[in-house]
Amino acid sequence: MSVRKKFILLSIVFIIVIGIFAYFNYFVSDKTISVHLELKNLEPCKEHFFGTDWLGRDMFVRTIKGMNISMKVGIITAFCSTAVSLIMGLLASAFGKAADEFILWMIDLFLGIPQLLVCVLISVCVGGGMKGVIVGVAATHWPNLAKVIRMEVMKIRESDYIVFSRQGGKNKMWIAIQHFIPHIIPKLVVGVIVMFPHAILHEASITFLGFGLSPQIPAIGIILSEATKYLSSRLWWLAVCPGIVLLIVVKLFDSLGTKLSMILDCHSAQM
């Protein structure tokens, strides 16, 4: 199978998995997670795969709905972070030495500070909630991809067709749009997929700590945060089952992104 076909196939797998979660969530109404006190604190069984919580709500349904919310935040954040990486990478590689040095300094600065700490600080400064989480995570996950984009652009910026464009009077913006961006589109796709699981994990972490989404939004971070209050009551399934789902989803997309990155790296090495 060619590199192009492998790349397209894995990208389709990424879209299908997201679609599956969206499909299940479509059939989850508010009635299915309503309070049923007569069913509270049931262990996992055939009727309730993940058991029920202290209010009798089905934990499997809550987990699917919460994972869907976390994935929505993750995909928005991944695209926003990739856009920041694209801008920073292009500025560093195509707009002069001063811009390059400044962007590299910013990259080193962000890489030198714990991501979660900066995420929390930015989220709080922005006002918390979904907006705070998206801004906080997007603002801290761009440096690595920006470095990759910078290196990719620097490889081709002295190519003949780009030199001819400069000599023909084309400005830097035109060259970036017409030549640089098409060249790095595969890297951008990989960047979105690689950042996606990290965005989900950091969203869940920030929300778990109480600086993220509102408690009224049943995201995975909220579910796990609420579950910690009942661990001493031996209601282990409230945290374990959603936690395992989160771990599987993050690992799945992380492996998918790693595989795509390896395919592109092998293809580049053979060129």
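Heads up, the Cβ atoms here are built off N, Cα and C, so glycines get one too.
Residues or ranges marked as transmembrane segment by TrEMBL: 6-28 (among others).
Positions annotated as domain 'ABC transmembrane type-1' by TrEMBL: 67-257.
Taken from TrEMBL, the feature transmembrane segment covers 73-96 (among others).
For 102-126 (among others), the entry in TrEMBL reads transmembrane segment.
The feature transmembrane segment is assigned by TrEMBL to 180-200 (among others).
Counting same-chain residues at least six beyond the ends of the transmembrane segment (206-224), those with a Cβ under 8 angstroms from any Cβ of the stretch are 33, 59, 62-63, 65-67, 69-70, 73, 116, 119-120, 123-124, 128-130, 132-133, 136-137, 200, 238-239, 242-243, 245-246. Marked as transmembrane segment by TrEMBL: 206-224 (among others).
Under the heading transmembrane segment, TrEMBL lists 236-253 (among others).
Tertiary proximity for the transmembrane segment (73-96) is limited to same-chain residues at least six positions away from its ends with a CB under 8 Å from its CB atoms, namely 18, 103-104, 106-107, 130, 133-134, 137-139, 141-154, 157, 172, 175-176, 180-181, 184, 188, 191-193, 195-197, 199-200, 203, 213, 219.
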